[in-house]
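According to Swiss-Prot, the features are:
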| type | residues | note |
| --- | --- | --- |
| BINDING | 76-87, 275-287 | NAD(+) binding site |
| BINDING | R94, R104, R132, D217 | substrate binding site |
| SITE | Y139 | site 'Important for catalysis' |
| SITE | K185 | site 'Important for catalysis' |
| BINDING | D217, D241, D245 | Mg(2+) binding site |
Amino acid sequence: MSYKIVALPGDGIGPEILSGTLELLKLISEKYHFEYHLESHHFGGVSIDYYGTPLTNETLQSCKNADAILLGAIGGPKWTDPNNRPEHGLLKLRKSLNLFANIRPTFVTKGASHLSPLKQDIVEGTDLVIVRELTSGIYFGEPSYVKKTEALDSLKYSSQEIERIVRIAFNLANRRRKKLTSVDKENVLSSSKLWRQIVNDVKKDYPEVEVNHMLVDACSMHLITQPTQFDVIVTENLFGDILSDEASVIPGSLGLSPSASFGQTGTRLYEPIHGSAPDIANEDKANPFGMVLSLALCLRESLNQNDAANELESIVYSFIQSNKTTADLGGQYRTSEIFKLLKEKYL
């Protein structure tokens with residue numbers, strides 16, 4: 001079987017971290033004997049420069065036909081038109097592909113716990129995933145308005161929107177340590193009451209998964225004081241936005257964190273959570289690990305290459321433990337040097 005992969009290098013450091021990652025993918029495919037077809041398209045700010053839009057119809061159609069999308073990074077101060085920003089392309093892409101679930105792993109190995117801003121004995125052994133609902137909730141609720149003396153936002157969820165994200169989280173927990181924490185604000189919000197009810201209903205289909213309901217304020221505290229207690233966390237859009245950013249600092253650098261966006265079926269999108277960092281673009285300083293770990297997610301979730309994903313993650317973590325890192329992690333290696341060392345593992 002041959003997989004179709006679309007590469008979207010994007011802006012800033014995106015092209016340099018993605019190009020090295022694609023070279024790695026080629027070596028990995030040769031070792032693990034799978035085939036893929038690769039297409040690359042301009043996306044984000046660079047697409048605005050070339051075509052006047054962050055997402056062309058050609059790029060969108062290519063993404064719709066793909067098994068997986070690898071995205072570098074988008075955005076930057078160059079593109080200031082509020083009606084035509086690079087980020088609009090990503091929002092349209094997510095909506096067009098119905099990517100309603102955002103998956104963010106947070107992992108801290110023993111040898112990397114010193115990088116965290118938290119105490120080593122607190123973070124060592126952290127291995128959690130936050131599953132955030134991405135396309136509903138208060139960010140998309142209607143009515144919504146701002147007037148001179150008042151403003152309104154609407155928080156609405158349907159049972160179908162809740163169930164589909166909850167099932168993704170249950171399936172993920174079932175493959176991991178079988179612990180699911182559902183985060184809500186059930187003591188105040190009506191939508192959270194429905195959320196908790198749906199979680200309890202779906203739980204009947206996953207008898208082996210232990211479910212714990214937690215209020216969002218308590219979860220935000222426990223993420224910092226006892227992150228190792230969590231396996232899979234599932235929550236709605238606003239809460240997930242905040243909690244996933246909170247969790248992303250636990251490993252010690254935004255440059256370490258991968259992410260994936262899932263729909264019910266079809267194309268999935270993989271990208272590091274960091275921005276385009278235009279201040280260091282083309283300076284060979286960017287931390288590539290978030291992008292490389294996003295490739296590992298892609299190998300596991302879209303290309304059915306679990307062994308390859310495990311090996312790639314192990315190599316990255318061994319580099320971090322031995323201080324083969326870029327400057328943001330206290331190392332002295334340049335981006336190109338990290339990729340050279342990574343590729344040597346497959347030669």
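Just so it is clear, glycine is given a Cβ too, placed from its N, Cα and C backbone atoms.
Using Cα positions, the member of the binding-site residues R94, R132, D217, D241 nearest to G275 (NAD(+) binding site) is identified as D241. Taking R104, Y139, D217, D245 as the recorded positions under consideration, the smallest Cα distance to G76 (NAD(+) binding site) is found for D245. Straight-line distance linking the Cα atoms of K185 (site 'Important for catalysis') and D241 (Mg(2+) binding site), rounded to a whole number, equals 15 Å. Within the set of binding-site residues T80, R94, D279, E283, N287, the entry lying nearest in space to D241 (Mg(2+) binding site) is R94 (CA atoms). Here D279 (NAD(+) binding site) is positioned 30 angstrom away from R132 (substrate binding site), judged by their C-alpha atoms. G275 (NAD(+) binding site) falls outside any helix or strand according to DSSP and counts as coil. Here the Cα atom of E283 (NAD(+) binding site) is found 40 Å from that of D217 (substrate binding site).
Binding of substrate is attributed in the record to R94, R104, R132, D217, and the widest Cα separation among these residues amounts to 28 Å.
Y139 (site 'Important for catalysis') sits 14 Å from R94 (substrate binding site), counting Cα to Cα. Checked against D217 (substrate binding site) by C-alpha proximity, the binding-site residues T80, D279, N287 yield N287 as the nearest.
The Mg(2+) site is set by D217, D241, D245; from the centre of their CB atoms, other residues of the chain with a CB within 8 Å are V216, S220, L238, F239, G240, I242, L243, S244, E246.
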